[in-house]
Amino acid sequence: MGKIPAANPPKFVPPRKENQSLFAKIRKEYVNFTFAKSLIFDPARLPLISVLILAAELVLNVFVVQNVPYTEIDWKAYMQECEGFLNGTTDYSVLRGDTGPLVYPAGFVYIYSAFYYLTSHGTNIRLAQYVFIAIYLAQLMLVLRLYCKSRKIPPYVMAITIFTSYRIHSIYVLRLFNDPIAILFLYAALNAFIDGRWTLGSVMLSLGVSVKMNILLFAPAILLLYITNLGWLKTVLQLAVCGLIQLALGAPFLLTHPWQYLKGSFDLGRIFEHKWTVNYRFLEPEVFESKAFHLALLGLHLTLLAVFASPCYKYFQNYCRLRNLELMLAPQIEAQNRAEKEKVKKPKKSQAQALPPAAATKPDEEKLTEDQEKFLKSFEKGMKKMSGKQQAKATPAPEVEKPASSSATNKFSIHFDRSTQLALLPIFLSNFIGIVCARSLHYQFYVWYFHSLPYLTWYTEYTNSLKFLLLLLLEFCWNTYPSTALSSLVLHTCHLILLVGIGRKMFRRIPDLAQLNKTN
């Protein structure tokens, strides 16, 4: 009887070198001090940090809602005003709440009427707070998206600014004001404009105005943005879209009591009470409420808009040209990068036999010209300088976001979205000028410009210490309740210093990008 052959012992399979190589590469690239430092200081890392900021803000806001008592200010009055509308009243002179008459446009009425039903006639405050957590996170996501595109502000600045503002968190989840909803629509509009979705942006902008008129403070800059990017005819069409939205929303009121609606919701002459002012506590009530004082502020507002109109227009022009250049060069950059990638795939032993030009997958006319390559390098260097980043190495690919290794391809990868800086500055500045010249600022108005303050502050050439000091003092002023003569004076001083810093840099000679046409 033959012997049964012994079973072959299982062979030992060593771990794949590929996996080891991958883990080693990940450890080398991301587990080191340089990468950790970039997460703090490099604006290009903000997309990753933004995810962490949003997650942390969700936890923080839930903690605030669960542990900090809600303060009733306007919510009950909002519900009373909307209840009158839901009962069939369309006369704005009749719609009132405990705090006075209804003074907001129709969009406010519809949104808070939905809240009225959602929160059991306004009685379920906790549910309303969670709705405002969602509103806050949605707006923060839109804000961070703009900052990520601009690559101007270091991640640590955004984190410190967002996490440390008690007043902002209070306005959203402890007060339930309508200002955050108007600002949410505003940032949705800005994101649409940056993406080139002009009609959607106009709809969002008009919806914001329909909630609260403060959105009109952005209007002068957005009008210039329309003109420079779309031309006069398309600008008129976009303004028509904005107007039609207002007519559609206001139709139930305009068709029944038009004068009462226009006077109640778009009252530009409304006088604010001195006891609530944040910015003019040092004035006597008689002076604060005088018509001459209001006219003087209006004159100052129009003067500042006129003074800054020229540089803002040039910023928008350059933004438009860079966006057009992006569309023109994108296919050529992609074709050249594809050709470079094909070369790298060849075995090293055949590197001596370089591919002839005729072997390229795309015709020669799709390659970048010498002038185009020179401009791209100059553009990237200039935009990095605007962002406060001084690097001597070539620009990395956007999808990699790190310096290329010695074996990497020689890619042209320009982050054209960085030109967003040229559009955001005039828009934020227009609103800031309106706030500087406002007749009265109330505590909830802080949301009108809070999320633009890091951008405006870091645009100046002040030292980082002074920038943080300005943000700290502004937070102090908005958290001083009731306001004092000192807090009001400090607020005006900070606004003036910031406006001067912006003006000093903005009125320098802006690089003439008209030469871009030569790279075509």
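Along the chain as shown, residues are numbered 1 onward.
Backbone N, Cα and C atoms are what each Cβ position is placed from, and that goes for glycine too.
Unlike curated records, TrEMBL annotations are generated automatically.
Listed in TrEMBL for this protein:
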REGION    339-369  region 'Disordered'
REGION    387-406  region 'Disordered'
TRANSMEM  46-65  transmembrane segment
TRANSMEM  102-118  transmembrane segment
TRANSMEM  130-147  transmembrane segment
TRANSMEM  176-194  transmembrane segment
TRANSMEM  200-227  transmembrane segment
TRANSMEM  236-255  transmembrane segment
TRANSMEM  292-313  transmembrane segment
TRANSMEM  422-441  transmembrane segment
TRANSMEM  481-502  transmembrane segment
With a Cβ cut-off under 8 Å, give me the same-chain residues at least six positions beyond the ends of the transmembrane segment (422-441) that come close to it.
146, 150, 190, 193-194, 214, 217-222, 224-225, 272, 274, 276-280, 288, 293-294, 297-298, 300-301, 304-305, 308, 311-312, 315-316, 318-319, 322, 448-449, 452, 455-456, 459, 491, 495-496, 498-499, 502, 506
Can you work out which residues elsewhere in the same chain, 6+ from the ends of the transmembrane segment (292-313), have a Cβ less than 8 Å from its Cβ atoms?
220-221, 224, 228, 283, 425-426, 429-430, 433-434, 436-439, 499, 503, 506-507, 510
Counting only CB pairs under 8 A, let me know which of 46-65, 102-118, 130-147 has the most with the transmembrane segment (200-227).
102-118
Go through 46-65, 130-147, 236-255 and flag the stretch with the largest number of C-beta pairs under 8 Å relative to the transmembrane segment (102-118).
236-255
Should anything in the same chain at least six residues away from the transmembrane segment (46-65) have a Cβ under 8 Å from its Cβ atoms, list it; otherwise answer none.
39, 126, 129-130, 133, 136-137, 140-141, 144-145, 147-148, 151, 153-155, 158-159, 162-163, 169, 172-174
